[in-house]
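Chemist: The structure under discussion is supplied below as structure tokens; questions concerning it will follow.
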Amino acid sequence: MTTPTGTNPENGSYVMAIDQGTTSTRAVVIDHSGQPLGSGQKEHEQILPRAGWVEHDAKEIWRNTREVVGLALADANINRHSLAAVGITNQRETTVVWDRHTGEPIHNAVVWQDTRTQEICDRLAGDAGAEKYKDRTGLPLATYFAGPKVRWILDAVDGAQERAEAGDLLFGTMDTWLVWNMTGGPDGGRHVTDVTNASRTLLMNIDTLDWNAEICADMDIPTSMLPEIRSSSEVYGHGHKQGLLIDTPITGILGDQQAATFGQACFTPGQGKNTYGTGNFMLMNTGTEAVRSDNGLLTTVAYKLGEQDTVYALEGAVAVTGSLIQWLRDNLGLIADAAESETKAKKVDDNGGAYVVPAFSGLFAPYWKHDARGVLVGLTRYVNQNHICRAALESVAFQSAEVVGAMNDDSGKDLTELKVDGGMVVNETLMQFQADLLGVDVVRPQVIETTAMGAAYAAGLAVGFWASTDDVVANWAEDKRWSPQIDRDAAARKLRLWKKAVTRAFDWVDEDVAAEAAS
Ligand SMILES: Nc1ncnc2c1ncn2[C@@H]1O[C@H](COP(=O)(O)OP(=O)(O)O)[C@@H](O)[C@H]1O
Ligand SMILES: O=P(O)(O)OC[C@H](O)CO
């Protein structure tokens, strides 16, 4: 039990991580051995104005952040004096533009899943060629990333371009928005981001880690509205007097998938993890080299600790996995909760020949086909709802198996085991099927809060709370391992049928469908 005095022996004994995710915001208090001590969580509204558009209210997210910080402190039974540092991790790419004088966003945040910028991407590809973007930024020119979203907001809001050019508007991903508000907002808030988040904007040169002036000019984005790019682990500022974390040093920022990679202790080239959440994101550490992919993977920054060398990763981003299970629940009413997807899937031995390809916002890795849409194929009278639940879970594993295939091809090495985390890894049927498909062990750590752990470690390393990444490795422990149980020919046949199903999703959005969606 702690008391709010300046002399408490527990002062500085913990680190807090704030995890600002797609569906909710969490704060977690973590101790030196890497154990979560207390947490708070709050969901925010998903604003869906039309097909393909997804928005968040950035002010709601800031309110929720303050609330969950209070909840986590209370749950851990500590006060802010017990915190040595706070780290931020966040849904990446989601874009906010706000007025630097008032702190008011000029539009709802445009979320990473949102596809409204397709026309902007097409125009940019027509002007300069998509290859230029891949060469400079390591990314395909796609609606997923932040730069085109900034362009869209500046076009959509009356007078925004002029205000941006006059230096009155600021851009940020969620890390930037939160740090600016936490450190004072209009009253001296720090306008910063870290290299991992900046590497998702399509505006940063992946080799020099600077904003690329030519690309910013192509998108007509004034560089005055861009945050300063900093490392992932250093002092960015301190909590402002109006917040709950007054004077607490803010010392870690990592995009959420990079944070999970860090929390899974993937510090050696070749090590990687796969996170099963709203979408699936696999990252493999490629060391200090920014490897370009020939197979639809993204080149991204994994982390940069202070002045140390930048560590890069290859990433396979899959847009729809856990959100398919939400869709079975909310749109089809097939299941009452996510866990029932497993109960139903276990009632049948296989998918009955059915395949679900959840290309709800096109297909991300390894295909990058924006004009694909979801399909359910292989239907016969035999197929029932249990088969569909199984097919939905299998689609999650199939999509990740294709990403692993791309990683193996790009790196020239075969994956030896897969570290997993995220909300879906409690689903044992899915984990077993993943091991069966890949032919390698799937391994779950004891603490599956890897995202929060990663942000906490980045923050704690900056203030000497942990001495080095060796402490992170020492704190990591295995919980459960699934080994392959089917032969490789059977796995290859399943994957072949999946790939056939995927081709049925291609090329759905023609001009008529696009015009209808836009009207
Ligand atoms: N038992 C389960 N089986 C299948 N999917 C699940 C299960 N439990 C949770 N999920 C899915 O996991 C996702 C939540 O994971 P989480 O890592 O919290 O997501 P995020 O961080 O992207 O918000 C939801 O999309 C939910 O549908
Ligand atoms: O918030 P999550 O866990 O769905 O992650 C979102 C990713 O960062 C998008 O790139």
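Including glycine, each Cβ sits where the backbone N, Cα and C put it.
Sharing the feature lines straight out of TrEMBL:
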type	residues	note
DOMAIN	14-263	domain 'Carbohydrate kinase FGGY N-terminal'
BINDING	Thr22, Arg92, Glu93, Tyr144, Asp256	sn-glycerol 3-phosphate binding site
BINDING	Thr22, Thr23, Ser24, Thr278, Gly322, Gln326, Gly423	ATP binding site
BINDING	Thr22, Arg26, Thr278, Gly322, Gly423, Asn427	ADP binding site
BINDING	Arg92, Glu93, Tyr144, Asp256, Gln257	glycerol binding site
DOMAIN	273-462	domain 'Carbohydrate kinase FGGY C-terminal'
Chemist: Mind computing the max CA-CA distance among Thr22, Thr23, Ser24, Thr278, Gly322, Gln326, Gly423, which the record assigns to ATP binding, rounded to whole Å?
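Modeler: Value for the max Cα separation, rounded to a whole number: 14 Å.
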Chemist: Applying the rule Cβ within 8 Å of the centroid of the Cβ atoms of Thr22, Arg92, Glu93, Tyr144, Asp256, what extra residues of the same chain belong around the sn-glycerol 3-phosphate site?
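Modeler: Not counting the recorded site residues, we get Asn90, Gln91, Thr94, Val111, Trp112, Arg200, Gly255, Gln257.
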Chemist: Cβ distance under 8 Å to Thr278 (ATP binding site), same chain, sequence separation 6 or more: which residues?
Modeler: Gly21, Thr22, Thr23, Thr321, Gly322, Ser323
Chemist: When the Cβ positions of the binding-site residues Glu93, Tyr144, Gln326, Gly423, Asn427 are compared with the atoms of ligand 1, which fall under 6 Å?
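Modeler: If the test is a Cβ under 6 Å from any atom of ligand 1, the answer is Gln326, Gly423, Asn427.
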Chemist: Cα of Arg92 (sn-glycerol 3-phosphate binding site) to Cα of Gln326 (ATP binding site): how many Å, rounded?
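Modeler: That separation, Cα to Cα, works out to 21 Å.
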Chemist: For Ser24 (ATP binding site) and Tyr144 (sn-glycerol 3-phosphate binding site), determine the Cα separation and express it in whole Å.
Modeler: 19
Chemist: Checking the spread of the glycerol site as listed (Arg92, Glu93, Tyr144, Asp256, Gln257): what is the longest Cα-Cα distance, in whole Å?
Modeler: 15
Chemist: Quick check on the binding-site residues Thr22, Ser24, Gln257, Asn427: which one has the highest count of other Cβ atoms within 10 Å of its Cβ?
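Modeler: Neighbour-count leader: Gln257.
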Chemist: By the count of other Cβ atoms within 10 Å, pick out the sparsest of the binding-site residues Glu93, Asp256.
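Modeler: Glu93, out of the binding-site residues Glu93, Asp256, has the fewest neighbouring Cβ atoms within 10 Å.
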Chemist: Please give me the CB contact count at 10 A for Thr23 (ATP binding site), counting all chains in the structure.
Modeler: 16
Chemist: Taking the mean position of the Cβ atoms of Arg92, Glu93, Tyr144, Asp256, Gln257 as the glycerol site, which residues outside that list, in the same chain, have a Cβ no more than 8 Å away, listed in sequence order?
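Modeler: Along the chain, the qualifying residues are Gln91, Thr94, Trp112, Arg200, Gly255, Phe281, Ala317.
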Chemist: Let me know how many other Cβ atoms fall within 10 Å of the Cβ of Arg92 (sn-glycerol 3-phosphate binding site).
Modeler: 26
Chemist: Compare the C-alpha of Gln257 (glycerol binding site) with the C-alpha of each of the binding-site residues Glu93, Tyr144, Gln326, and give the closest one.
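Modeler: Result: the closest of the binding-site residues to Gln257 (glycerol binding site) is Glu93.
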